[in-house]
Amino acid sequence: MNSTTRSSKELLRLQKELKDIENENVQEIDAHVKDNNISEWVGFIKGPSGTPYEDGHFILDITIPNDYPYNPPKMKFNTKIWHPNISSQTGAICLDVLKNEWSPALTIRTALLSIQALLSDPQPDDPQDAEVAKMYKENYSLFLKTASVWTKTFATGPKLEPREVIVIRNSKTEDAILSTDFLIKKITEMGFTEDQAKKALMKADWNETLALNTLLENS
């Protein structure tokens with residue numbers, strides 16, 4: 001492992017943390033070193049039951065500074081997620097334990113558990129993503145639907161096949177039952193990106209016509 005910039009004490013601490021995570025054998029969280037570099041880890045969080053993230057498996061990028069554990073690790077979601085305290089674009093996390101409330105007594109494991117707890121208890125009044133927080137506060141049912149669709153689309157992998165089937169309304173077919181993938185594919189075939197299609201459909205509560213109108217107005 002690349003450890004040239006760390007003291008023996010700091011290196012032993014990180015090695016112990018890795019071993020503790022392995023020994024805990026808790027399915028909800030996990031972490032391992034990336035590319036044999038002790039400063040770069042990959043974290044895993046299982047979506048909490050009873051939330052729109054349930055059954056999701058989320059990957060996080062973890063960078064450990066040279067002055068760890070005196071300063072917190074840098075963590076961000078690699079897996080896309082729809083949550084008020086996590087950027088839907090960059091994966092950045094707004095969580096006090098990763099900033100001013102960090103303590104050397106904390107560990108990578110406890111930080112991952114804190115992030116998992118955040119999935120169960122969003123804080124929309126202290127958002128990282130203002131757009132998601134606004135939806136959470138103004139249209140909670142749409143937030144739950146969007147977060148669930150994002151989880152199924154980005155965080156469940158091949159186990160999702162076939163994709164969730166939802167009821168949508170459009171100008172041609174009333175109460176048509178179409179898959180989310182089908183809707184996204186239809187819009188991307190018109191020249192828009194997959195990301196543009198997903199965002200427009202979510203904002204329009206999966207109404208294809210409204211989503212297209214929004215995209216065309218902004219193009």
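Every residue number used here counts from 1 along the chain in the order it is shown.
In case you wondered, yes, glycine gets a Cβ from its N, Cα and C as well.
Listed features, source TrEMBL:
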- 4-31: coiled coil (COILED)
- 9-156: domain 'UBC core' (DOMAIN)
- C94: active site, glycyl thioester intermediate (ACT_SITE)
- 171-218: domain 'UBA' (DOMAIN)
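Each residue in the domain 'UBC core' (9-156) has a pLDDT score, and their mean in this model is 93.
Summarised by DSSP class, the composition of the domain 'UBC core' (9-156) is 56 helix, 31 strand, 61 coil.
Residues in the domain 'UBA' (171-218) partition by DSSP class (helix H, G, I; strand E, B; coil) as 30 helix, 4 strand, 14 coil.
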